[in-house]
């Protein structure tokens, strides 16, 4: 009775201890997650401070040009200020139809010219001949010129330049997909103020830039982001535009803006050298011929591209193919001319007779009788004002007026920026010289002609443009320094947290979090107070105060634990190697050639690690460890080399690199043979994962259901999705419409995502440990043989009789999978994310992402064989894998390599926030997968009741983040140091932006996905085996 009560009390006490341990673990876990989010905040504040000084926006003057107030006195008999006849100069046209063919590259518009080694036309050649033909046959009615864009070559920035005449800046580049209304003087606003009826049809970007300026009853915007759709926007523009050209609609509009997107979308989806591009250009040729037929004599027709496209159909950078667009103007009246006989015909390449896109602004303003927008930097296009007889008088007048407006703007800008006279000294001299030439011609003294006037004022405009480019590349060094200081401080905190604490990190984290949060709040208040008192930027100083206050307080919070602190320096061979590799990468990013060939550097580094791990494995004392380490090292090396076959080359690497990610270097679609890759992944990968689980007898229970069945079904659906996508692209199934195929693909994609996230997370959260528990029946025990020794004399008082009867046999409880309960239970999380990420990759990317997952499993086994699960080797290798496979999945540190079509894999139309989120998952899938897998390093093959698991998981994640923090800090410092380098915009700045985005993303995913996932996986194991300390 007493024994039963005692056992019952002991059971209740054990249950209470388990409950207390569970509550303690959950509280510590929540605080660890919160601490990593605090580190994320520190990094975000530092990055904001640096970028606000580095990515400067141009000072926008709010002045507006007025019709009745010309920038300089008009000397001839013309009466200024008349909307009807022209504000500053007689207008040439009453109305205009402005057609923007998105991504109309110049070589799409001129005849193909055979070259040695290039004697066959491509699909984009000779498909749009109408522009060249009219310019050749009727040079006084039409002219065609290369139309050079200022990078970045993204649509929103180009529209700003085409309507304001200004240059883009860094902040504009970052705003491409979240456009806000233009708040400076522009052509659309001038048309509106002049009482003109402006109609827009097409790309809806115009409506975010110019809200309220278009005729509401006639305007029709279309979604511009669905790059898979080649026809909806173009057909919609035709449907609404051509009725406006009928005679009975002439009084309903003054200017029509039609923005066609089909050429751009064909480039994004297929690349320029594809039959779909040929068909789209032929369609545009027919559309423009119809427009020509419907024009009257008082209407100007302008056709232009906002940018070009590279060999794969992408844009955003500054390569020749991306900036070389086309401009064509047409009138039924002979009003155009050329400077000389050599420039009558359109140039056959974009390297001759080119005009800048900002030059369109003053040109259209004068042709339509409007004032030139106040902030314009462009100059009039000569062909529009020379006339059939090549009379330079009009060109000289408009050049003088444009220069005067630029001079007026220069004065206001210098005053607002408080620039000294030296900054504008060269333009002042050219302004004086141009006016001398003008006065000499006007008074009849000397030999100058109207041509000399135009050339003199053009020289002034060109120099002023050069000066402005330099002025707008100024950096706020104070803000940049604040950001760098915050990043250095955060790096120090993470380094100490990861490698400077000689005890369980989870126990000290609450103290650090409390100090850090309090310091952040106090620092923000102090920064705001200083900004208010000194009349400085409240936002900047609050951000700096919050970052430095939080960082400083976190470091102060380490003081009570100073006895367990140590210098965060490498103490082992592998730690030293990881430090050396990270340092070399950080230094290497100061070289543009190193950055351009980064994927090859990472391949060499990973191969080096693989060889060293192979050698170390062969030197292990245990045969089992030798076999385990060596086999997985070889598998890691093979996977790394296989993945190197997937390659997307930057333009700067040509011709020393050959792209294999797509069907060809000029395509944006996958080759037919690449469809085999998703099928192989479907057939092989689940079995490979099951092998790793089965080694420790953990391929049991829900693991079989998820990996063997659900995941395999998902992989099969992914393969089916991409087969249908290829069938749609290539027209393999003519009996099924494109719409039906799209609907089928979207449904399949949604099923895969539901299976991955809804089904996968349900399994992950609710699953028990992957164990096989077996009962073994009791085995009968043989009776002991009789002893030949002398029998004991039991009647002797010194002896106590013993019962030598055999014990009753008992059944046995055998648990298979005990050794790796934590590791396999957690790995369910990376596999469910893998399925979702795989769907968003193209076929070649799916193969390399599968190799990435296998490499992660290889590394976990190698770490176990080498007993290095507590060293920096695992987290750093995972970070290197994430960086390497970023390139292998078809990406580079360049805007043009973003695979925008991934936004529509499970969607028919754009949907916020899902469409941008899908693009992020496609672009950074490798880094996300590797970050989610990091906790597995700390829990792979550890005993179920191992104490300190949460602290070791936090240490591994901190080391992983530390690698990315080092890369981000290095690229930020190098971009600041090389801010005047010729390759800043093309190489160093994009790599810096990639580094800081990846850092923030990995830190966020590591906290809210990986560390939160540890709560469920570790908790489920502890619920079965008991919580540590009980």
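Each Cβ is built from the backbone N, Cα and C atoms, and glycine gets one as well.
The structure displayed is predicted, hence computed values, not measured ones.
Residues or ranges marked as region 'Disordered' by TrEMBL: 779-798.
Here TrEMBL flags 30-56 (among others) as transmembrane segment.
Positions annotated as transmembrane segment by TrEMBL: 477-499 (among others).
Summarising the annotation, TrEMBL assigns transmembrane segment to 511-534 (among others).
Residues or ranges marked as transmembrane segment in TrEMBL: 540-561 (among others). Beyond the ends of the transmembrane segment (540-561), by six or more residues, the same chain brings 38, 41-42, 45-46, 48-49, 52, 479, 482, 485-486, 489-490, 492-493, 496, 501, 503, 508, 511-512, 514-528, 530-531 to within a C-beta distance below 8 angstroms of the stretch.
Annotation source TrEMBL lists transmembrane segment at 573-590 (among others).
Counting residues 6+ beyond its ends, the transmembrane segment (675-694) has Cβ neighbours under 8 Å at 703-704, 707-708, 711-712, 715-716, 718-719, 722-723, 726, 770, 824, 827, 831, 838, 843-844, 846-847, 850, 853-854, 857, 860-861 in the same chain. Annotation source TrEMBL lists transmembrane segment at 675-694 (among others).
Under the heading transmembrane segment, TrEMBL lists 706-725 (among others). Below 8 angstroms of C-beta separation, residues 670, 675, 678-679, 681-682, 685-686, 689-690, 693, 699, 741, 744-745, 748-749, 751-752, 755-756, 759-760, 763, 828, 831-832, 835, 838-839, 842-843, 846, 905 of the same chain, each at least six residues beyond the ends of the transmembrane segment (706-725), sit close to that stretch.
Beyond its flanks by at least six residues, the transmembrane segment (746-767) meets 701-702, 705-706, 710, 713-714, 717-718, 720-721, 724, 825, 828-829, 831-833, 835-836, 839, 905-908, 1013, 1016-1017, 1020 of its own chain at Cβ-Cβ distances under 8 Å. For 746-767 (among others), the entry in TrEMBL reads transmembrane segment.
Sequence-distant contacts of the transmembrane segment (917-940), counting only residues of its own chain at least 6 positions beyond either end whose CB sits under 8 Å from a CB of the stretch, comprise 820, 822-823, 826-827, 829-830, 833-834, 836-837, 840-841, 845, 849, 852-853, 856, 860, 863-864, 869-870, 874-875, 878-879, 881-886, 888-889, 891, 898-900, 902-903, 905-907, 949, 952-953, 955-957, 960, 997-998, 1001-1002, 1005-1006, 1009-1011, 1013-1014, 1017-1018. What TrEMBL records for 917-940 (among others) is transmembrane segment.
Within the same chain, residues 32, 35-36, 39, 43, 47, 50, 483-484, 487-488, 490-491, 494-495, 497-499, 501, 505-506, 509, 582, 585-587, 589-590, 870, 872, 874-876, 878-880, 883, 930-931, 934-935, 937-939, 988, 991-992, 995-996, 998-999, 1002-1003, 1006, 1010-1011, 1014 sit at least 6 positions outside the transmembrane segment (952-973) and bring their C-beta atoms closer than 8 Å to a C-beta of that stretch. Marked as transmembrane segment by TrEMBL: 952-973 (among others).
The transmembrane segment annotation in TrEMBL covers 993-1018 (among others).
Counting residues 6+ beyond its ends, the transmembrane segment (30-56) has Cβ neighbours under 8 Å at 169-171, 173-174, 472, 474-487, 489-490, 493-494, 505-506, 509-510, 512-513, 516-517, 520, 540, 543-544, 546-547, 550-551, 554, 950, 954, 957-958, 961, 965, 968, 972, 975-976, 979, 996, 999-1000, 1003-1004, 1006-1008, 1011-1012 in the same chain.
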